[in-house]
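Only one structure is covered here, and it is reproduced in the block below.
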Amino acid sequence: MTSVVVVGTQWGDEGKGKITDFLSADAEVIARYQGGDNAGHTIVIDGKKFKLHLIPSGIFFPQKISVIGNGVVVNPKSLVKELAYLHDEGVTTDNLRISDRAHVILPYHIQLDQLQEDAKGDNKIGTTIKGIGPAYMDKAARVGIRIADLLDKDIFAERLRINLAEKNRLFEKMYDSTPLDFDAIFEEYYAYGQEIKQYVTDTSVILNDALDAGKRVLFEGAQGVMLDIDQGTYPFVTSSNPVAGGVTIGSGVGPNKINKVVGVCKAYTSRVGDGPFPTELFDEVGERIREVGHEYGTTTGRPRRVGWFDSVVMRHSRRVSGITNLSLNSIDVLSGLDTVKICVAYDLDGKRIDYYPANLEQLKRCKPIYEELPGWQEDITGVRSLDELPENARNYVRRVGELVGVRISTFSVGPGREQTNILESVWASI
């Protein structure tokens, strides 16, 4: 029984797809356990970029099983489109498995998402308008439609009719918006269900059987800990639990079967959307990091907000997600800066604090306390070991590990597979 969970430790976009792809080489099953197509991950193989939003990164290994777990909310339209994209690129999807218990995103979820966001005005959350939140709302309200329902024509028709009648009343009476047509949705989405039914199964059985047989299973989280609905910067969060604990709920695997948790972070910080960001940069340094790091959302295309590395955030993530190993990405983006900074604590109304407040008004008043380190000018994208890094870059990597309190297992100096450097093998340490 061997399993590793990969979680983002910041606000998403940390490079989880790259690290999952890297760790997938030694895994036999790769599974997603939460989120939906609001999460984008980019994988670079032989210089070619592949951008996925729903299908696990492990799909590029045809001999390995890729699982979309029950905790994921699935937009069948997006899934069919992504499958076609992979097929056009010559990538087989015969190794994909989709949980019959996963909930379905339908057009009324997306419309409701847009209407709710518009109604918030200046208090908007910054949602990707993918229908994720409304789909999880229906799930919690016990009126959601699951993949198993989508495949049964009569059940799908009955539940869609009931749900759509309620949603249309909401659209017309509360939002003065156009109602949606039952027949159009039913025909389109039932057809999508028939296209994906070959992949649908009880994925909890597949995952547990694999673990019981001693196979290596890798769980791939979406978003990041700071977007977790319980542990993140609520309400500026996603609607699921990206923390490692979400694995057990979203995959049907017990907590006693989780061995290691790899926290993925960048050598700086970024986030898409609104919400607190204590170390955010608004100067030319921030603009430089954004441009060099190509900080634009995979899903939205929006410019990401960027800032210095925040060890307060990272220690919070380590604690609530049980992180055992750290993967530090995008060190190369900081090359060329005379000075690099790490936030070590916050100043809250004249008092130093080492924790991340839950109160958003307090967070607004938090001022980062920085430790400054000398930067490095060298191009490090070709570095293949820690010893090859310039001394100042090595010191930066070591200091990050010290402040977070977790050993760094890998560090990356670029987006390619070959640019990920191993300091300690996660699989070998189990």
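Each residue's number is its place along the chain shown, starting with 1.
Keep in mind that glycine also has a Cβ here, set from the backbone N, Cα and C atoms.
Residues Asp13, Glu14, Gly15, Lys16, Asn38, Ala39, Gly40, His41, Arg142, Gln223, Thr238, Arg302 are given by Swiss-Prot as IMP binders; from Thr127, Thr128, Thr203, that same site also lists Thr128. Nothing from the binding-site residues Lys18, Thr42, Thr300, Pro303 places its Cα within 10 Å of the Cα belonging to Gln223 (IMP binding site). Looking at Lys18, His41, Arg302, Arg304, the recorded positions in this record, the fewest other C-beta atoms within 10 angstroms of the C-beta turn up around Arg302.
In the three-state DSSP scheme, His41 (active site, proton donor) falls into the strand class. The CA atom of His41 (active site, proton donor) is located 8 Å away from the CA atom of Asp13 (active site, proton acceptor). Sequence-distant contacts of Pro303 (substrate binding site), defined by Cβ-Cβ distance under 8 angstroms and a gap of at least six in the same chain, are Arg290, Glu295, Tyr296.
Long-range Cβ contacts of Gly301 (substrate binding site) within its own chain (separation 6+, distance under 8 Å) are none. Under the three-state DSSP scheme, Gly12 (GTP binding site) falls in the coil class.
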